[in-house]
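Quick notes on the structure that follows.
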Amino acid sequence: MAEEEVQVFGFRSGPFSLRVELALKLKAVDYQHIEEDLLNNKSDLLLKYNPIYKKVPVLVHNGNPISESLVILEYIEHNWTHNPIFPAHPYDRALARFWAKYIDDTVVPAVHKISGSMEKEREKAIEEAQKTLEPLENELENKKFFGGEEIGLVDIVGLILAGWIPAIEEALGFELLIAHKFPNLKKWTEEFVNHHVAKQVMPQKDALVAFLKNVALNRKN
């Protein structure tokens, strides 16, 4: 059997390409990470492989490029069927897709709104973001992970909550995941960042805080 070539064009200070890397790690698929300078110098290969959106992540499997993190996760699941990250039952699988899309379409924009808001607007943005987190808090009732006892699709998509929200809170000086309001999400965050595979791909919090502070400073200038 010919050796497979798997490359991930990504950005390790951003959550979307790390979804792809975490899925590959969970499936024990060897890959090459290619770091992209998204702010100053996108590579010619990235522009070649993703000419429409010109952004990461891009998975290149034996020369064939796939872009958009949710699409890539579907591809990974169907191509490497061992160590599944999607539920087995069709209904559970549909629910997982629903919550993954909910995170991307509703939660992520709300968190971005906080990051880009001025201080006088931030309190309202935080309240709006907290409302988007309430359904996820309820979904985690009596669960270790969204996927049950093991990390699954929704956990992978939700790594932005586990890694980036705490860093954003520290960088900008506010609290979003208040422990008494979101005990399930707080517990899930701790379980996620301490998972032996997630730890291999998640960035160090201090480095992420420094990066986010730099982004905020550049916005002001």
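Just so you know, the numbers here start at 1 and follow the chain as drawn.
Yeah, the Cβs are placed from backbone N, Cα and C, and that goes for glycine too.
The annotation domain 'GST N-terminal' is assigned in TrEMBL to 4-84. Positions annotated as domain 'GST C-terminal' by TrEMBL: 89-209.
Broken down with DSSP, the domain 'GST C-terminal' (89-209) shows 87 helix, 2 strand, 32 coil. Confidence across the domain 'GST C-terminal' (89-209), taken as the mean pLDDT and rounded to a whole number, stands at 94.
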